[in-house]
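The next block holds one structure in the form of structure tokens; read it before the comments.
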Amino acid sequence: MSHEIMRLSAFAPAKVNLFLHVGGPDGEGYHPISSLMVFADVGDRVNLQPADAPAFETSGPFGDQIPAGGDNLVVRAGQAFHRRLGGPVPPYRLILEKHLPIAAGLGGGSSDAGAALKLLRDALAPALSDDDLEALAASLGADGAACLRARALIAEGRGERLSPAPRLPELNAVLVNPGAPSPTGAVYRAYDAGVHPDGAAMPPMPDHLESAEEAAAWLAFATRNDLEAPAVRLEPHIGEVLDVLRGEPESLLVRMSGSGATCFALCASDIEAEGLAERLETMRPDWWVRRCRLS
């Protein structure tokens, strides 16, 4: 093992749930889900650098809003990796450039942790298998393994049963966050207060979808986000974002991602997504707005 860590950097993409079906809690309090997850070309970045002593730092527009101690998933990823190696490691610094909003339904913490795990494997244990790395990611949270893979997939069970997604067309989208956090635990508790006859059943999946229009039509007809209504009840600003997006001509499908508060609009093309994003930035400069491509 080298006595000094090499300098490395990894992108941590935003996760978007195109649909999220949720069942009632099981005996241990976990909710079964089925979800089609895709990943955006916008996200955070994690940097690994040599250091005289172990350190974790944050930067970026949302860097001052995240915990720097053991509650941060990047720190926990490092701790889990050290336990897996079982021996001393050279000191290093992890720097999280936080560009995604906090508690936003974009899997940011899990994606950051996945990026950190990849960097640590590259620097310290390149022989560590993908399965071992995925087990570490899964131990950090329900989205951990999915965000480590960072490609379109179907998640079922508690989020741990992953399978390839059907072939998807190019999906251009606009992500919008109203600047209000939507804590996952609170949204699930609000969900549990209701009645949910549909449960987490997986809809029949087409083999492939030829266009963004076809994908949006199928998603609107066959799927939903079961956490959207309880999240809107808790945070009305989410409902405001959804209403605005649904009133825009470029929007093929409008939905909340994960437990919110970020919402997305699928658009027919990159040009339409760009136009929608620019208009929203002018209309609502207080909102976080990003045009992106999903895959």
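Heads up, the Cβ atoms here are built off N, Cα and C, so glycines get one too.
Now, the feature entries from Swiss-Prot:
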ACT_SITE  LYS15  active site
BINDING   PRO101, ILE102, ALA103, ALA104, GLY105, LEU106, GLY107, GLY108, GLY109, SER110, SER111  ATP binding site
ACT_SITE  ASP143  active site
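Around the Cβ of GLY109 (ATP binding site), the number of neighbouring Cβ atoms within 10 Å comes to 28. Residues ALA14, LYS15, LEU100, GLY258, THR262 surround the recorded ATP site, their Cβ atoms falling within 8 Å of the Cβ centroid of PRO101, ILE102, ALA103, ALA104, GLY105, LEU106, GLY107, GLY108, GLY109, SER110, SER111, which are themselves excluded. For the binding-site residues PRO101, ALA103, GLY105, a Cα-Cα cutoff of 10 angstroms around ASP143 (active site) retains nothing. Following the DSSP three-state reduction, the secondary structure of SER111 (ATP binding site) is helix. Counting Cβ atoms from all protein chains shown, ASP143 (active site) has 27 others lying within 10 Å of its own Cβ.
In sequence order, MET37, VAL38, PHE39, ALA40, LEU106, GLY107, GLY108, SER110, SER111, ASP143, ALA146, CYS147, ALA150, SER257, GLY258 constitute the residues six or more apart from LYS15 (active site) in its chain with CB-CB distances below 8 Å. Its Cβ taken as reference, ALA103 (ATP binding site) is surrounded by 22 other Cβ atoms within 10 Å in the chains shown. Annotation for PRO101 (ATP binding site): same-chain Cβ neighbours under 8 Å, separated by at least 6 residues, are PHE62, GLY108, ASN177, GLY179, PRO181, ALA261, THR262, TRP288.
The Cβ neighbour count for GLY105 (ATP binding site), using a 10 Å radius and every protein chain shown, is 31.
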